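Report on the structure given below.
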Amino acid sequence: MTIRNQRFSLLKQPIYSTLNQHLIDYPLPSILSYWWGFGSLAGICLVIQIVTGVFLAMNYTPHVDLAFNSVEHIMRDVEGGWLLRYMHANGASMFFIVVYLHIFRGLYYASYSSPREFVWCLGVVIFLLMIVTAFIGYVLPWGQMSFWGATVITSLASAIPVVGDTIVTWLWGGFSVDNATLNRFFSLHYLLPFILVGASLLHLAALHQYGSNNPLGVHSEMDKIAFYPYFYVKDLVGWVAFAIFFSIWIFFAPNVLGHPDNYIPANPMSTPPHIVPEWYFLPIYAILRSIPDKAGGVAAIALVFISLLALPFFKEMYVRSSSFRPIYQGIFWLLLADCLLLGWIGCQPVEAPFVTIGQISSFFFFLFFAITPILGRVGRGIPKYYTDETHRTGSFS
């Protein structure tokens with residue numbers, strides 16, 4: 001190949017070379033398990049949500065008198081509209097399932113530790129953006145649960161000292177949840193997924209700066225292989241399993257993860273007996289309800305994300321992987337069970353004994369983050385698998 005042909009070769013073009021560097025030739029530890037495939041699955045979920053959302057927006061009308069009927073029009077009259085809506089609605093649930101598994105994998109293998117602090121913090125920001133996007137999207141069908149969920153959650157901003165009431169009025173566009181609120185939420189719901197794409201690309205770039213963690217929790221530049229074709233084929237297994245799982249929900253149980261009250265048009269004069277958010281908000285909602293004071297509940301929610309953001313900056317542990325930390329491993333599984341319990345409590349009425357159980361579960365949730373720095377310094381177990389760098393430096397960083 002001549003010098004001129006080399007200059008104009010496809011491999012030399014900036015866009016292709018970047019894709020080749022991050023998606024094809026990117027080196028990964030050879031011992032990665034299937035738990036490392038949820039990042040790519042999250043990307044697939046985000047693409048599904050954006051594509052289906054754009055087509056749904058073509059037929060949706062953001063007006064309080066027309067929104068509910070426009071959703072029914074999509075379901076009944078638009079060609080393939082039912083499939084678009086069920087893919088979008090259940091796709092949100094799949095997205096959160098994948099991301100929750102991704103987060104818990106990071107907690108189990110301490111993927112947040114140095115030098116990947118920025119990767120973890122970006123992931124927490126992405127998680128927060130997902131919650132905001134999903135919440136305002138849940139309002140758009142303008143059913144009973146949409147309307148009253150928007151009323152309850154947005155009114156929480158009034159707990160902010162001095163400016164709280166002003167923020168609530170600004171969010172509503174008036175003195176109650178109404179047409180201005182719906183228009184604002186529709187605009188934001190269309191915008192935020194593209195911000196999520198940008199944040200995800202930053203997350204990926206930050207990850208590739210230092211490379212992925214591995215099940216052993218030790219650093220090595222020696223035993224690595226290219227993403228393509230090895231991990232592409234490995235991830236492909238997860239993609240197929242995900243497609244089957246996703247299809248079961250779409251075609252056989254499309255409304256199971258929703259709430260039947262949302263098939264009733266919004267009525268400001270009739271309050272549902274029990275206001276429940278989508279299932280993926282339930283653990284956080286349970287923490288919010290476990291504190292009777294509104295300001296305390298809002299502070300607890302803020303503390304959830306502050307705890308996640310602060311996790312990488314605790315004192316570094318001797319060994320990252322929970323495979324060699326039996327005490328932390330036991331506490332981790334208790335945390336997982338606690339989060340499932342919080343999810344169940346979140347959909348129960350605000351009465352005894354559910355309130356008490358929610359308070360105990362919320363206490364343990366925060367206790368986990370409080371004792372994690374201590375657990376990082378006890379139960380030291382040295383892996384038998386050393387890399388050349390570990391021998392040379394005597395560290396597991």
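Cβ from N, Cα, C; glycine included.
In Swiss-Prot this protein carries:
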BINDING   His88, His189  heme b b562 binding site
BINDING   His102, His203  heme b b566 binding site
BINDING   His208  ubiquinone binding site
TRANSMEM  38-58  transmembrane segment
TRANSMEM  82-104  transmembrane segment
TRANSMEM  119-139  transmembrane segment
TRANSMEM  185-205  transmembrane segment
TRANSMEM  231-251  transmembrane segment
TRANSMEM  295-315  transmembrane segment
TRANSMEM  327-347  transmembrane segment
TRANSMEM  354-373  transmembrane segment
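Annotated features, which come from Swiss-Prot, shown on the structure.
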{"residue": "His88", "record": "heme b b562 binding site", "DSSP (3 states)": "helix"}
{"residue": "His102", "record": "heme b b566 binding site", "DSSP (3 states)": "helix"}
{"residue": "His189", "record": "heme b b562 binding site", "DSSP (3 states)": "helix"}
{"residue": "His203", "record": "heme b b566 binding site", "DSSP (3 states)": "helix"}
{"residue": "His208", "record": "ubiquinone binding site", "DSSP (3 states)": "helix"}
- Query: Are the transmembrane segment (231-251) and the transmembrane segment (38-58) near each other by the rule of at least 3 C-beta pairs under 8 angstroms (pairs 6 or more apart)?
  - Reply: yes
- Query: So, do the transmembrane segment (119-139) and the transmembrane segment (327-347) meet, by the test of 3 or more Cβ pairs under 8 Å (sequence gap 6 or more)?
  - Reply: no
Min neighbour Cβ count (10 Å) across binding-site residues His88, His102, His189, His203, His208 flags His208
If one takes Cβ-Cβ under 8 Å and requires six or more residues beyond its ends, the residues near the transmembrane segment (295-315) are 112-114, 116-117, 120-121, 124, 127-128, 156, 159-160, 284, 287-289, 362, 365-366, 369, 372-373, 376-377
If you count CB pairs under 8 A between the transmembrane segment (231-251) and each of 82-104, 185-205, 327-347, 354-373, the winner is 82-104
Whole-number Å distance separating the Cα atoms of His208 (ubiquinone binding site) and His102 (heme b b566 binding site) is 17
Rounded to a whole number of Å, the separation of the Cα atoms of His203 (heme b b566 binding site) and His189 (heme b b562 binding site) comes to 21
